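**Q** Handing you this structure, nothing more for now.
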Amino acid sequence: MPHKRAKRTVRLQQQNQRGSDLAPTKDSLANEAIPKSASRILNASKIREEWKDKKRKFEDDGQGGQGKRRKVEGAEAMQSKRKGKEKEMVSRLTIKPGESMQHFNRRVEDDMRPLVKSAVQTSNLVTRNTARAEMEARKAKKAKGKPTSEAKQNDTPEPSPPPLVVDKHAHKAKEFQKSSTSAPRRLNDIAQAPPEIKKVPRGADKSMFGKRDVLSIAQKSMMEQEREKVVARYRQLKANRRIAGEGGDERDRNGSDEE
């Protein structure tokens with residue numbers, strides 16, 4: 001099929017027939033067009049000069065042909081020197097025969113890096129100078145307004161010192177100093193009896209603990225008896241569980257010894 005590539009043997013045969021020392025074709029790198037991104041960089045100086053000339057002509061026409069022109073010694077020499085450098089840079093920033101676009105772009109970036117760096121440094125310097133000037137103007141403005149404020153402060157009487165606050169409960173012990181027990185408390189301690197609440201909890205409603213809840217002596221004795229029964233029953237259950245656990249451990253030991 002015509003759209004397929006020829007075999008390698010056929011291509012090698014055609015290459016040997018053509019030979020190697022041939023003239024460059026129309027698609028060679030020397031005849032390749034310069035990319036737009038590179039042409040903008042190369043023509044930057046030319047465009048700048050045209051804009052400057054146009055601006056100068058506009059200023060001269062606007063002032064009736066009597067525009068102010070700066071006369072500096074050696075200005076023409078400096079201008080010619082600058083133009084020579086720009087032409088040299090333009091000649092250097094042209095693509096060379098056999099050079100790929102990647103190498104050409106890298107070479108252009110290397111040549112333009114010092115100019116970009118100097119432009120960035122100049123802009124940073126202008127920004128810092130502007131910020132410094134604004135800060136100095138702000139300080140001067142504040143310094144002008146200070147004498148009036150100081151005079152007003154001098155006219156106002158000095159405030160009396162605040163009274164000393166005496167802590168009435170300084171000699172009393174804090175709450176965390178009351179709980180001092182010799183026996184350390186552990187996470188898995190076994191309670192021997194339920195807690196006794198002798199005082200009303202903090203923040204509880206006192207109306208709930210009025211005279212209607214006061215028990216008689218007979219009721220108190222009955223409650224104490226029931227409490228002692230519950231405590232005894234609880235201790236008996238704990239002892240039975242402990243004995244049962246020790247008996248199971250002994251049976252396990254005996255069974256392992258017999259084996």
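Numbering starts at 1 and runs along the chain as it is shown here.
Backbone N, Cα and C atoms are what each Cβ position is placed from, and that goes for glycine too.
Remember, TrEMBL labels are computer predictions, not curated facts.
What you are looking at is a predicted structure, and each value in this text was computed from that prediction instead of being measured.
Sequence annotations record features per position, and here TrEMBL assigns compositional bias 'Basic residues' to 1-10. TrEMBL lists 119-130 with the feature compositional bias 'Polar residues'. Summarising the annotation, TrEMBL assigns compositional bias 'Basic and acidic residues' to 196-205, 248-259. Look at TrEMBL and you will find 1-36, 52-205, 238-259 tagged as region 'Disordered'.
Quick one: how deep are these features, and who are their neighbours?
**A** DSSP states for the compositional bias 'Polar residues' (119-130), grouped as helix (H, G, I), strand (E, B) and coil, give 12 helix, 0 strand, 0 coil.
Helix, strand and coil content of the compositional bias 'Basic and acidic residues' (196-205), in residues and according to DSSP, is 0 helix, 0 strand, 10 coil.
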